[in-house]
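Asks: Please read through the structure below; I'll follow up with questions.
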Amino acid sequence: MVSLIPQERIREPNFKRQIKLLSVIGVAALPRDQLERYNHIVNDMLAIYNSATICAYNNPLQCGVQLDPDINTIMAKSRDWDELQHTWIEWHRKSGQKMRDLYDQMVDLCNYSARLNNLTDYTEYLTFPYESPSFRHDIEDAWFEIKPLYEELHAYVRRKLRDLYGPEKMNRHAPMPAHILGNMWAQSWSNILDVTIPYPGKSFSDVTPQMVQQGYTPLSMFRIAEEFYLSMNFSGMPPDFWAHSIIEEQPDRPIICQPSAWDFCNGRDYRIKMCTHVNMKDFVTAHHEMAHIQYFLQYRNQPKVFRDGANPGFHEAVSEAIALSVGSPNHMKTLGLVFASQDDIPHNINFLYAMALEKLPFLPFSLAVDNWRWDVFKGAVSKERYNCHWWDYREKFGGIKPPVLRSENDFDPGSKYHVPANIPYIR
């Protein structure tokens with residue numbers, strides 16, 4: 001076994017690092033029966049998540065309301081406090097609450113697998129790829145540099161929503177309730193741009209209407225993304241990409257609509273799975289996901305162990321850097337989607353504000369998700385306080401609270417896909 005090779009005797013740095021990375025294999029270290037049990041547990045949790053539906057607020061007999069697109073649309077478009085609260089409560093009841101016991105079992109198996117990898121616990125496994133003993137402190141230090149800007153945004157949005165919903169529902173000094181921020185998890189506030197925008201009536205560079213008017217389709221959005229990379233002398237997408245990618249929702253079978261990019265490790269087959277809609281957000285996401293494919297192509301000739309990001313956050317860093325460029329007014333102007341008359345101070349402030357709504361809230365949310373997860377796997381929080389600990393972090397990092405009183409009968413972290421899927425979020 002690779003783990004038995006004495007690494008201290010290896011002198012060549014690249015080979016030594018390969019051995020180090022290969023020696024830690026995660027849950028694959030579990031005995032066959034335990035690994036099968038782990039996979040069953042994760043699959044059972046994802047089945048709960050993917051099949052969860054709720055009943056409509058205005059019609060209790062209209063059930064089968066799904067997360068995507070139905071619930072997400074309600075959270076994005078509705079400005080009815082009670083409808084949003086109902087939708088938030090029911091989604092959390094039908095998803096996370098039902099998987100709490102399963103998650104407990106998964107934690108035990110993950111920690112057992114970590115010990116088989118000669119690690120203390122699964123938290124050490126999750127932070128191992130970053131190759132920094134001070135990783136948790138490093139990201140918190142980075143957050144504290146950004147936090148003052150986030151607090152300014154938080155205060156501004158809270159005032160705007162207080163004007164919308166009234167002081168009886170919005171305390172001027174309290175955390176903001178999670179259900180009114182335009183997203184089920186309050187990880188992006190872009191969908192409340194229309195009611196909080198600094199300069200109403202001025203464009204904020206959402207080019208969705210122009211895309212629809214010019215006849216954009218999901219396929220053309222990906223073709224334009226490919227042209228963007230070709231213009232920088234990157235490779236075009238291989239034939240298998242166009243043959244096998246799924247870029248629209250399939251009417252004949254359910255799929256998980258979370259956008260993702262896939263490397264099939266044969267140097268030819270790379271794919272994207274995404275339920276693409278014709279709007280600016282998905283247009284930028286198409287470029288983001290294709291950046292992952294470009295990264296796959298760039299390191300395809302490396303040794304297998306190095307065919308990955310420099311660390312788990314690097315893939316997302318590259319893709320997000322591309323997304324920031326693609327979403328800029330200058331690039332939209334190049335594509336004929338933004339016009340010169342929209343290039344002035346109010347337009348630019350609206351654009352920067354829209355970007356802040358999309359990017360800044362994601363940072364405290366991701367910190368809350370994985371700090372909670374790390375504490376759970378380390379045993380720093382008891383099973384009896386899982387949900388309380390979750391909301392402690394949501395308030396500490398993001399100034400967010402639940403819309404109604406929660407208890408330990410709830411399991412609100414499980415209502416976010418990456419928790420039952422056991423996918424790290426901090427990256």
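Here the Cβ of each residue, glycine as well, is placed from N, Cα and C on the backbone.
Pasting the feature list from TrEMBL:
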ACT_SITE  GLU289  active site, proton acceptor 1
ACT_SITE  GLU289  active site, proton acceptor 2
ACT_SITE  HIS418  active site, proton donor 1
ACT_SITE  HIS418  active site, proton donor 2
BINDING   TYR130, ARG427  chloride binding site
DISULFID  CYS55-CYS63  disulfide bond
DISULFID  CYS257-CYS275  disulfide bond
CARBOHYD  ASN58  N-linked glycosylation site
Asks: Work through the recorded positions one by one (TYR130, HIS418, ARG427) and name whichever has its CA nearest to the CA of CYS275 (disulfide bond).
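Replies: That would be HIS418, the closest of TYR130, HIS418, ARG427 to CYS275 (disulfide bond).
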Asks: Per DSSP, GLU289 (active site, proton acceptor 1) is which: helix, strand or coil?
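Replies: DSSP call for GLU289 (active site, proton acceptor 1): helix.
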Asks: Considering Cα atoms only, can you say which of TYR130, GLU289, ARG427 is the nearest neighbour of CYS63 (disulfide bond) among these recorded positions?
Replies: GLU289
Asks: Looking at the recorded positions TYR130, GLU289, HIS418, ARG427, whose Cα is closest in space to that of CYS55 (disulfide bond)?
Replies: HIS418
Asks: Taking the Cβ of the residue listed as 'N-linked glycosylation site' as centre, how many other Cβ atoms lie within 10 Å?
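Replies: 10, counting other Cβ atoms within 10 Å of the residue listed as 'N-linked glycosylation site'.
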Asks: Can you tell me whether DSSP puts TYR130 (chloride binding site) in helix, strand or coil?
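Replies: Going by the DSSP assignment, TYR130 (chloride binding site) falls within a helical segment, counted as helix.
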Asks: Taking Cα atoms as reference points, rank the recorded positions ASN58, CYS257, GLU289, HIS418 by distance from TYR130 (chloride binding site) and give the first.
Replies: HIS418
Asks: Report the member of CYS55, CYS257 (the disulfide-bonded residues) whose C-beta atom has the most other C-beta atoms within 10 angstroms.
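Replies: Neighbour-count leader: CYS257.
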Asks: Write down the Cα-Cα distance for HIS418 (active site, proton donor 1) and the residue listed as 'N-linked glycosylation site', rounded and given in Å.
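Replies: Each residue's Cα considered, the residue listed as 'N-linked glycosylation site' and HIS418 (active site, proton donor 1) end up 30 Å apart.
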Asks: Non-local Cβ contacts of GLU289 (active site, proton acceptor 1) (under 8 Å, 6 or more apart, same chain)?
Replies: PRO259, SER260, ALA261, ILE272, MET274, SER319
Asks: With DSSP assignments reduced to helix, strand and coil, which class does CYS63 (disulfide bond) get?
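Replies: CYS63 (disulfide bond) sits in coil per DSSP, no helix or strand.
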